[in-house]
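Asks: Checked Swiss-Prot, it gives:
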TOPO_DOM  1-94  topological domain 'Cytoplasmic'
REGION    1-30  region 'Disordered'
DOMAIN    28-88  domain 'v-SNARE coiled-coil homology'
CROSSLNK  Lys63  ubiquitin cross-link
TRANSMEM  95-111  transmembrane segment
LIPID     Cys95  S-palmitoyl cysteine
TOPO_DOM  112-117  topological domain 'Vesicular'
Amino acid sequence: MSSSTPFDPYALSEHDEERPQNVQSKSRTAELQAEIDDTVGIMRDNINKVAERGERLTSIEDKADNLAVSAQGFKRGANRVRKAMWYKDLKMKMCLALVIIILLVVIIVPIAVHFSR
């Protein structure tokens with residue numbers, strides 16, 4: 001090899017051409033190294049994905065907690081509204097009953113007085 005060309009561990013040297021078994025060994029080593037590099041890359045991607053998943057799960061958990069708190073507040077508010085509507089309905093029924101009683105008294109009392117003479 002001349003000093004002007006950079007060193008390449010996968011390039012064949014003059015001595016390697018004379019030994020084909022050494023070439024096979026180096027190509028097999030290069031294949032294994034490429035496979036290892038691919039596996040390392042995949043594992044790094046998997047680790048990053050797991051970390052992102054953990055962050056998303058934490059975010060979802062926080063949102064679920066907030067939703068549970070909001071649901072409890074909504075339930076309390078709904079119960080207050082239900083009780084207020086029940087009370088209004090009761091007052092309306094009592095007023096209606098009172099009006100009916102007054103109308104009956106206004107109608108029945110003059111008739112009773114008229115027939116009692």
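Cβ from N, Cα, C; glycine included.
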Asks: According to DSSP, how is the topological domain 'Vesicular' (112-117) divided among helix, strand and coil residues?
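Replies: Within the topological domain 'Vesicular' (112-117) the tally stands at 4 helix, 0 strand, 2 coil.
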Asks: Distance between Cys95 (S-palmitoyl cysteine) and Lys63 (ubiquitin cross-link) at the Cα atoms, whole Å?
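Replies: With the alpha carbons as reference points, the distance is 47 Å.
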